[in-house]
Every structure is written in C-alpha cells, then in structure tokens.
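Here is the structure we will look at, set down as structure tokens.
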Amino acid sequence: MKFLGRRLAFYLLTAWAAVTINFFIPRVMKGDPVQSLINRYQGQISTEAEHSLYVLFGLDTQESLWQQYVDYWGEILHGNFGISFTSFPTPVTEVIGDSLPWTLGLVGVATVIAVVGGSLVGILIGWRRGTWMDAILPVTTFFSSVPYFWLGLIAISVFAIWWPVLPLGGAYDGGLIPGWSWEFVSSVLEHAILPGLTIVLASISGWILGMRNMMVTVTSEDYVTVAHAKGLSERRVMFGYAARNAILPQVSGFALSLGFVVSGTLVMEMVFSYPGIGLQLFNAIGGKDYPLMQGIFLIITLAVLVANVLADVAYVLLDPRTRQEA
Amino acid sequence: MTPTAPTGVRHPASSGSQNPPVLEIRGLEVSYGYSDSAVRALRGVDLTLHQGEVLGLAGESGCGKSTLVYAATRLLPPPGIITGGEVILHGDEGPVDVLRMSDAELRATRWQDTAIVFQGAMNSLNPVHRIGRQITDAIKAHRPGWSRARRDERARELLEMVGIAAGRITAYPHELSGGMRQRVMIAMALALEPKVLIMDEPTTALDVVMQRQIVEQIVDLRDRLGFSVVFITHDVSLLVEIADRIAIMYAGEIVEQATADEVYRHPRHPYSHGLLTSFPPLHGPRRELQGIPGAPPDLQSLPSGCPFRVRCPHAMPSCARVHPELGPTALGEEQRSVACLLHDPQVRTAEGVELPASLAV
C-alpha cells in the first residue's frame, strides 16, 4: 500500500537520523571515557593498553571520523553496541538484554491493563453520563496528579511496611535462582504487584478521560442516532457504533505509549529498585557509561519508531478513510 | 427556495385521509430542560398519518418539526423530555402507544414499523463500516432467522432499488457522493418494509437536481411499496409537489392542516399565507413576494394568546387573550383545520371584522 510505503520510508529516515545523532553525541561531549575508566581502575591498567581501549570503544582518534561512522554502522548492524564501562567487560547488548525483559514485562502488562481498563471505563462513563460512575474520573485524576514517586513511596509504606503483605522492591526474592519454577514465577508476580498497580493507577485516568470525551463526541453523531433508530440492541450501538469510532485516537495513543514502555518508568524503577532498563540508564548516566547510554537510547528510539509503525498500521486497519490516497 | 412547481408528480393512488390511520399523535408535549427555564418545544400536537399517505410537515427553523418526529420515535436527545401525550402506532398487533412501550418492545418496532432518514446525508452513515454491513445489521437485529447470504441478497436488492449498483455494497461511505449516501440511507430505511417512513429534511444538503431525483424516487417507491411518509422540510414548494397533506407548524403547534393543493391554493392561516408568498410561483400570475416580518418567537417567552400575533398582519385585540385551537375553517371546508381566531364567527362578530380576502380565496 502506497500510504504505508511512504510512512515506512519516513521512519527509515528517522531511524537513520537517530543512529547518526547517537554516533555524534559522545564525540562532541566533554570528558574522555577511556581516561575515566583508567582512573577508575586506579593504575591497574597499563598505559600500553590505552590505545587498545580507544579502539575497543570505537574512539580511535587515528581513524578518520567517516571511517569511525562506517565502523559504527557495521557494528550496530551486527548487533554489537560496544562494551559497558560500568560492568566492564560485559557487552552492552547483554546488559540491555538482562534488564529489558523486566521492564517490558512489568510496564508492558501494566500499560495494557491501564489502556484496556481505562478505555472500558471511559466507554461506560461516556455512554451513561450522569450516573454514579462519573465519580470515577475525579478519583483517578487525583492519583495521576500526585507525583509518581510519592504514590510509590506511600504504596510501599502502606503495603510493605505498615501492613507487610508485599515485598519492598526488586523483581524477585534474592534467594531464588531464576528459572521457570513455580516458586520463582510467583515471587516475580508478587514483586510486580505494587509497581504494576501504581503504574496503572497513575496512568489510567488519561485513558478514561480520553475515551470518555471521544464517546461523548461520538454519541451525538447522527450515525449513532441512526443505529438507535434501527432498533439495534444497546450493546451493539454502544460498541459497534459509538465505541468503535471513539477508540481511534486511543489506538494511536496506545501505540505511542508502547514505545515509551521500553524506556521504562525511570521513577518507578528507582522507587521499587526494579532491575529494568530505566534503572540501568540511570546508573549508566551516573557512571559516565557512554556505550550503555548510547545503546539504551538507540533501543528506545527504535522502539518508539516501531510503535509508530504499529500505530499507523492499526489506524489503517481501523479507519478506512486513511486508506484513501491523499 | 427550489424552483419546483406545484404540478408534476401527482399521484392518484394516494386517496389520503380515507385510508385507516397508521400513526396517530395526540396532544404530544415536549420540553427541553426541566423547571422554569424549560423550553416548551411542542405544545400539544395532534397529527394523524394515514396509510399510504405522504404527509408534509413545514415551518420555519425551530418551530418543532424535527422535535415532533424525534419525540414520536423516542429518539429525542437529552435534555428533551416528552411531558405528555401519546403516539399510537397501528402495528400488526393492533394499536400500541409508542411512548409507553418497554425498551425491548420499542427496539422491536423501530425500523420494523417506523424507519427514519435523517437530515445529514453526510453523517448518517458510520464512516468506518461498509454500507452493506450498515444495511444488513438492521436486518440482522430484526430477522434473526435470516442467513448471512439472504441478508446480503436483500441489501443488494435494496441498493438496486434506489439506483445504486449492487456491487457497491462493499463501499465505504466516504467513497460515495452525497446523493448516493442519501440513497443508501433510503435503501436502509426500506430494508424491513416499514409502515412509516419519516424523512427529516432528506434533501436539504443536496443540490437541486439531486433533490428532485431523490424526491421522485421516494414518491415512486411509495407508490410501489405502499408505505406512509412523513416528510419534513422548510421548503414548502417541494412539499406542495410531493405531499398529499400538509401540516404547517408554528412555535411548537400545528396551525393549519389540509391537502397539499388546498394549502397551496387556498391558505387559511395568515402564517401559511406568509410562507407561501415567500417564494415565487413558477406558474400562474406573478405576485409580489412578501415574506413574513419579524422572527420566530422565543419559545421560552411566548406572547400571550396566539403565538403568531406579533407578526400577523391581521392581529386583533382578541388574539392577545385567546389561544386559538385547531378547528374548522370559516368557509366550513371538509378535512381541513386551522388554528386562527379569524375563522371563529363569534370572535369575528365581537371584533367586528371580516375574514381577510387573502385567507378566503
């Protein structure tokens, strides 16, 4: 399809720009990662190794910038993002690979719950205005307007300290060996409850509000009145005619938020010391770990782009008007 | 105004009010909003639609035409409230009051007995569903026994009936022109062969040529299928052409009811007369265009007595005191009624006035 082709070309261009910027950022930044690494090891690294470290980090000043850029692309296409400074000599891909699943699992599932739940509640509130359900909105708005770290800390102090039913933080019980054992999985689930619920609580009001407002707009459309006049059941009118059209902006919003799932909710991972990608990024910044930062930035950028592609595809599937050649 | 003439499509088949009634509206009252600030949009409307008849409903914007049909079908959007009256539908199982039906009963009669074609041809179809699906889902809701193939077959048949190629069943609304969309709406409305077809300004958004085609098509389909039509428009010249009977509304009331021909040639209410002299006739002698001075009244603060008196060229002192009810004309014509004190002999004697010549032609 021509429309999707054009969009895809646009996204490829964006991806190229993102990678290129990613390449230049550490090169224009002040500070020398090799020197800071040598300083960290406090003389344990001999000065002969200095040059090889530069080469290893892809910062070989004896090579031209263009050659570095070409090498950089080559490495990226081979899935090699370099070596993390802070957890030297683990490759960046491995560091990201260790933390990304935690974030994806927790934040991803929480986002899906918030979107689905929020949209359903929004549909109902928008459909039956003036009932007790209208009270849901101010309550959820309250939770999303309080700062997240505060919400998280309150949740911890209530459910992990005053009434210790849930763990304080982390992704699983430290004494367990990761694996597909029931013990481990249940521990993971238990550790996910508090951070997951607080994410849902903090983000659901946006989804409710968006869906409700669209429902209110759409229910006054003529085609909804026609659907009533046709004698269709209330449920069919509500879902097949009103919600079906009102959901369109939610879909693109959802796809975009999927992109941000990858960046993790930094604050959540800090509050709950959850070993996700956000915490990793935070540590990388603290430790001047340029390769890791670059790798994470790149992953985030690509995830947002992929989510955008998904949003476009979903929109084309859901709204026939977008299939028209503009 | 459309340059259509009161000749053209006349239909002998429509004997009009001799047929038994299909829809009787009695004393229908509608308000928008509660309490003192409520706007009384309909103030006791009586209207009878007979079998096979085209009943035209005319009046200025805001006189309650659309409110009347929305209330009669219980599709009135909030804050509209039906505060009184009854709407008797003569269905297959005898007369029933639409306003007192349960939700399930109401759903069952909708589209089956009364189908509606709405004002906006552009917005009446859901942009994200194919038109075939929008036609068939009404069939599906009312004919649960029908197979999918049979429903599709019916939809194709309906499209052909309104002059659209059956292949367009898979088209989306945005792929059709405005006229075609309105035809699809008409096809959709006829899907279950309803007894009553309500058309709320179905041609307003269309150009004159398309307007004419659609109107002719409706008349033609009516002759073939025998349903009754309530046709709402502010375009009186169009009504004169297609309607059997016309009811003129003013400020939430019906002020005159008669056959189309009689309303056109011999209006009995000063307001009808004003409406008819607001557009030029294509045939017959030239006459001066007069229009109606002033603006439609604010329904929240209607004048006492007759709501039209402030704009009426024949207003008398009595008009400020007495609210006119629909009654016989001064000339005692059959099957027509008018709500004007000038037609009440007692009032005329008391006021010492004659029926103005313009209302006695």
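Glycine is no exception: its Cβ is also placed from the backbone N, Cα and C atoms.
According to TrEMBL, the protein has these features:
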{"type": "TRANSMEM", "residues": "A:7-25", "note": "transmembrane segment"}
{"type": "DOMAIN", "residues": "A:100-311", "note": "domain 'ABC transmembrane type-1'"}
{"type": "TRANSMEM", "residues": "A:102-127", "note": "transmembrane segment"}
{"type": "TRANSMEM", "residues": "A:148-172", "note": "transmembrane segment"}
{"type": "TRANSMEM", "residues": "A:192-210", "note": "transmembrane segment"}
{"type": "TRANSMEM", "residues": "A:254-275", "note": "transmembrane segment"}
{"type": "TRANSMEM", "residues": "A:295-318", "note": "transmembrane segment"}
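A Cβ distance under 8 Å defines the sequence-distant neighbours of the transmembrane segment (A:148-172), meaning residues of its chain 6+ beyond its ends; these are 102, 106, 178, 184, 187-188, 190-195, 197-198, 201-202, 265, 267-268, 270-276. Long-range contacts of the transmembrane segment (A:295-318) within the same chain: residues 1, 3-4, 7-8, 11, 14-15, 18-19, 22, 76, 81-82, 92-93, 95-96, 100, 247-248, 251-252, 254-263, 277, 280-281, 284, each at least 6 residues beyond the stretch ends and with a Cβ under 8 Å from a Cβ of the stretch.
Counting same-chain residues at least six beyond the ends of the transmembrane segment (A:254-275), those with a Cβ under 8 angstroms from any Cβ of the stretch are 98-100, 102-104, 106-108, 111, 115, 148-149, 152-153, 156, 168-171, 191, 194-195, 198-199, 203, 281-282, 299-300, 303-308, 310-311, 314.
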